[in-house]
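Below: the structure, in structure tokens.
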Amino acid sequence: MNRLGIIYEIQGMKAVVLTSEGEFLIIRRRKDMKVGQQVSFENEDIYNVRGKRFLYVAAAVSSVAAVLVVMFLYFQSAFLSNTDNIYGYICVDINPSVELVIDETCRVLEVRPQNKDGEQLISGLELLDKNVEDVVYELINRSISFGFVKADDNRKIVLISGALNDKRNELKTKKENDEAELTELLDNIKARVDRIDNIKVRTITATSRERKDALKYGLSMGKYCLYLEAQELNGSITIDEVHDMSISDMIEKLEQMKLALKDEASPKLQTTPTLGGETAQISPESMQHSTVPGLPETPSSSEKTIAPTLHGTPGVPDEKTLQPSTPTESSEYVQDGTKGLKIQYYSRKPHDSAGIDFSFRMFNTGNEAIDLKDVKVRYYFKEDVSIDEMNWAVYFYSLGSEKDVQCRFYELPGKKEANKYLEITFKSGTLSPNDVMYITGEFYKNDWTKFEQRDDYSYNPADSYSDWKRMTAYISNKLVWGIEPN
């Protein structure tokens, strides 16, 4: 029988614990034990069940002060374990979905099945206080033996996601270390699970906000992150459909979406540009989105034709050549009080496409809310055509209407790695600490000829989001993320 208690005292190879029933017990000490820690143990771990256990109770009762101290430690740990004692969350998705609550030593504090298959999977298992890598490995092997992973299924995919506990009051540097450690933990889990025959593992690092939103919709955080990725591609999957889809089906659907985008023919001009400075009506590559719950509506699939001048000729500046707006000389980060940003980006388009995809997501890594009217983001590239011959479109902005996002092209003279950049600014929006915002957009030449992006400074030909320092972010004209090109 698995039991829980708080360590009151450590004596050599023994530890004194106070159980939730108010009983003091002496148990075998483990190497990782420390005073005040909540631990799980079995009856066979208890020393002299019929003797010393009750003697220790009698001794403890004689010291009221000691009892009060221990009770304080116990209730502090019991009631605050959901905040300071919890380091993060690891979710295993196959079709059974199970969330594991872990402490800073990567021990499992709690096991939370997230669907009926998950309840069946963990039934009868003793998983508390075990290393999370061992637990994940055990769950996946059990999924195979239970038939959740079919022997004849060529798509044996396991999704493992992780998120930190945002309730932990820590310095920014410690938070960044935690993020790096979480990534390393997911990599270690993946490396171990990859040893299981024919199992393919995909890992996702989620934000605490994404995890909370996932819980609202009754999804695991990993599945919800796949849903968000689908929304950015074309929005053809709904929340209700996600509930009924397996992880393998979802990932296969995402791959089909990506291939469809790559296979799309280059957009054709509907009319030719006129001489009076008027801009032609064109059909850019479709990037449709259905409504994300809690977010503003995005263009429907019926909107086949988009005018590049949708936002007031944003891509046609007033002057023929513009200098960068208040550039910063430093290529290092400038800390602006407790404000910080991080950009994650990858291109969904091939290097020789007719449009450059600058869609990204941006995190508030600081301790203060950020007014996005003070923020600028830059995407750097090389191109011989004039900035007057390019235009842009924003299809989705998670913190408001796409019309609240403005873009402008700038020449970047004297640089080897880039000669132009697109600057993205915001008319509205507030990004709270630990929150994330999404932008979907692209820019293109007015004649819709193809770009060659392989030598573009900001181009990232990856297949999923990653921290991307070749896009820069500024708060009040101070560089807070990324490295400017040389």
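Every residue gets a Cβ built from N, Cα and C, even glycine.
Some features that Swiss-Prot has for this protein:
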TOPO_DOM  1-53  topological domain 'Cytoplasmic'
DOMAIN    3-50  domain 'RsgI N-terminal anti-sigma'
TRANSMEM  54-74  transmembrane segment
TOPO_DOM  75-486  topological domain 'Extracellular'
COILED    161-192  coiled coil
REGION    265-336  region 'Disordered'
COMPBIAS  268-291  compositional bias 'Polar residues'
COMPBIAS  322-333  compositional bias 'Polar residues'
DOMAIN    336-486  domain 'CBM3'
BINDING   Lys382, Glu452, Asp455, Asp456  Ca(2+) binding site
Grouping DSSP H, G, I as helix and E, B as strand, the residues of the topological domain 'Cytoplasmic' (1-53) number 5 helix, 25 strand, 23 coil
Quick one: mean pLDDT on the domain 'RsgI N-terminal anti-sigma' (3-50)? 78
Of all the binding-site residues given, Glu452, Asp455, Asp456, which residue's CB has the most CB neighbours within 10 A? Asp456
Check: same-chain CB within 8 A of Ca(2+) site center, minus Lys382, Glu452, Asp455, Asp456: Phe381, Glu383, Phe451, Gln453, Arg454, Tyr457, Tyr459
Which residues does Lys382 (Ca(2+) binding site) neighbour through Cβ under 8 Å, counting only same-chain ones at least six apart? Ala418, Asn419, Lys420, Asp455, Asp456, Tyr457
